[in-house]
C-alpha cells in the first residue's frame, strides 16, 4: 500500500462518528499495519493545551458532553451511507465538518516516530480547528487554511427534522466527561464527529449529517445552572435550620442527625460528633464596625456561636459559615456533666444555667435542687442555703445574654436605693442581700419568700379572696407605692401584677413586691413597651408620657382580680385591651386622644372631632359592647352579694362595703392620670414616725382612726370611711389558706366595736412612739381648751345678738363655730345631719325671742315640747366637748316626733 492510499484511509477514518471511535481505531491499525495510536497518561494536559487555543469554555463543555458516549454504539447507527465523490487529491483535506472543538493532535504520541512522516508528508504539525468558521471565510481563505474545504457551499435552510440530534439514545449523554474507555485503554476526552466507518468501502468518503444537542441551548443551560445554584442554597438553608431545631429540641444533651433529619445511633452518632461539620446560617450582613453592645452574650462568654442579630438594619442577605466548635471546647463540653450546648456545657439552648444539686455559688451558697422554683424571661430562681448566715435564700440567675445582664444591673441599682431608705423593711419591698457573677451569669441573692398572689387565686379555684383580705393587700401595696413615689426615690415599678407580689409566709397576709427589672425613675424612662397587658394603663396604650400613676392603675386591676378571681380587662392584644377598658369605663377624654401618638390604632375621628371605636378588618366591631355598657357595679356584684352572689350573707360583704370598694376602684381607674388617686394606704393604730410627720406637714390635727382609708388626692389628705370591720384587727376566713395570727393582739369585742376611744392592747412601744403619743395628747388638750373658749364666746355672742335682735347673724356664727369644733373622725353624713338640725333649732329659738336658759339636762324637768328641743341642743354641745359619737338615729326620731312638718 502506497502513501496515497494510506492518506485516503486516514481521511476516511477522520470522518467517522465519535460513537464508533474504538472500532475505527482497530480497523485503522489493520489497514495501515501500524501499531494503534496511544494516548498520553496525562489527560489534563489535553485540556491545558486546549485552553491555550482559541476555544471558549462553552465549547469545552460541549466537547465533554460528546465524549460521554457508550463504548459500543447500537448497530442501527453503523449502516453504510451512500457514497459521494471525493475531493480532488491535491486538496488533501478531510471532508468532515467539526461541530465541536478537538484537542490538538500534537499531544498524541505515536508508537513509531519514523512512520509519522508517512502519514503527514505535507505538514509537520497538524493544526487544530481554525480560528474562523467556514461560513465566515472566503474560498481563498479556505484554500490557505489547513483542515478547511476549499469551496464554500451555499447555505441551506434546514428543516425541523434535520435539526434533530443524530443520537437519540439517552445513554449517549450519560457517560462521564472525564475520559472515554475502550478495550485498549483510556481514550481521549474528546472525539471526532462523523459518520460510521465501513470496512468494505474504506476508501470512499461518507456523507456527514449535522446535528445539535438541544440541552446545549442557551436558555436551557441558563435554567439548569440557576436550578443548581438555588438547590445548593436550599441545601445550606436546610442544614442551618436542621441544626437550629436540634438545639431547641435537645435540653442538656447533644443529638446527631443524619441527612434525613432523624437522630443517629451507635457509631454514626459518635463519628459525626467527632468530626467538625461546618454549617451555614442566613443573616443580615452588617458592617464590621459594630459596637460590642450588639454582641448577644456577656463579654466573658466568647465560645458560643453567634446569634441571629434581629436588631441589625436590613442591608443584604448572604450565606456565611458559622463558627464551629474547636476540639478543646468539645472536650471540655464532653467532660462537663451538664452537657449543654453553650458556655462550655454549663448553659442550655435558652442560655439558662444548668443547675446541679449541691453546687456551691460564690463559695457560700449551696444549691438545694436541680429544678428551679421559678422561671421567666429574665432567667430562673433557685433555692439555696447560705453557709455564712445559716439561712435559706433565693438566688435569681440571669440569662447569659448582654441585654438581660444590663437590665439586671438596673434592678440592682434600684433595689439598693430602696433598701437604703427602708432599712427596717417597713414598705413591703423585697430585700436584696447581695449579688455576684458565676460562670458569666449575674446572680442576685434575695430573702426567701412564699408563693405569689396568682398562686393564691389558684388555691381558691379562682373564686377570689374576701374583701377583708383584699383590703389588707391594698393597705400594704398602697404603702409601697407611697414610698416609691417619694421625692427621694421617684421609682416607677412598671410591672405590678399578682405574679410580682409574693407572700412572706403561706399563713400570713404580709406581702413583698418583687421584680424591679422593668422599673425606672421618673426622669429616666428608658422603655416604651412596659406593664403586663392585663394591667397596662391607658397612657401607656396611647403612647403618652407616663409617671408613677401607672402603678395605681395596675393596683386597681389587681384588687378587682383578687376579689372576683378573674382579670378585669383580659385583652388578647393592645387593641382588644383598649376595647375591654372602653366597655367598662367608656371613651377616654378627648384631651388624651388628641395628644396620643397611638390613638389611630384604636379610634377613628369624625369631621366634627368626635372619636369612636375603630372597626376591625372584616368591617364589624367584633363582639364589643357599647362604651360603658359593662358596669363595674355589676362586675363586683354590689347589690347581688358579690361576684356571682358567692358572698351573699357573709360578714363584711354588705352593700355598703361593696359600694365603698367600688368607689375606691373607680378613683384608681380614672382615665386622666391627673385626676387619678396618687397614693392610697391604710394605716393601723400604731403609726410610724414617717406617717406622723406627714400628718403634721399637712396640718392634720388628728390621726385617722382604725379602719379609715387615708387618701392623698392632688395634695389634699382626707379620711374616707371604709367597711365596718377595722383592718388592723385579726380575723380568720375560710376562702383561703392565709390567716393572720398575732398573740400580742386581742380580738375585737362586740361591746367596744362602736367606741372610737377604746384602746386595744399593743406591743411595747419605743421611745419615739411614746414621744409621738405625748405630742398627740398635748395637741388634743390644746384643742379642747380652744373649743371651751370658743363655746364661751359663742354664748356671749348669742346673748348680745338676742338683745340686739340679730338672729340670722347668730345662726351663722354658731354654725361656723360648731363646724370647727367637730372631731374629724366622725362620719361626714352624720355630721352634716347634726349641723342642719342644730341650725334649725337655733333659728326657731331666735324667733321665739325667749331668754337663754340653762343647758343642763335634767329628765325630771322635761315638760312639753320646748324642753325636748333644749335637751337636743344640750346633747349636741356635750358631744362636741367630749369628742364622742352622737346617736344619729335617736336624734332623727326625736326630731320627727317634735316637728312633723320639718322637711329635714
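Residue 1 is the first one shown; counting continues down the chain.
Even glycines carry a Cβ here, placed using N, Cα and C.
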- [ ] Write down the one residue from 363, 390, 396 that Swiss-Prot lists together with 373, 374, 375, 376, 377, 378, 379, 380, 381 as binding ATP.
- [x] 396
Task: Listed range which Swiss-Prot flags as region 'Disordered', given the options 181-203, 204-226, 227-249, 250-272 - done: 250-272
Task: Feature region 'Disordered' in Swiss-Prot, mapped to one of the ranges 857-880, 881-904 - done: 881-904
Task: Distance, residue 381 (ATP binding site) to residue 495 (active site, proton acceptor) (CA atoms, angstrom) - done: 18
Open item on the list: I'd like to know the mean pLDDT over the domain 'Protein kinase' (367-690).
Closed with: 91
- [ ] Determine the Cβ neighbour count for residue 377 (ATP binding site): the number of other Cβ atoms within 10 Å of its Cβ.
- [x] 9
Open item on the list: If you count CB neighbours within 10 Å, which one among the binding-site residues 375, 379 has the smallest count?
Closed with: 375
- [ ] Tally every other Cβ atom lying within 10 Å of the Cβ atom of residue 373 (ATP binding site).
- [x] 15
TODO: Mind giving me a neighbour count for residue 381 (ATP binding site)? Other Cβ atoms within 10 Å of its Cβ, every protein chain shown.
DONE: 19
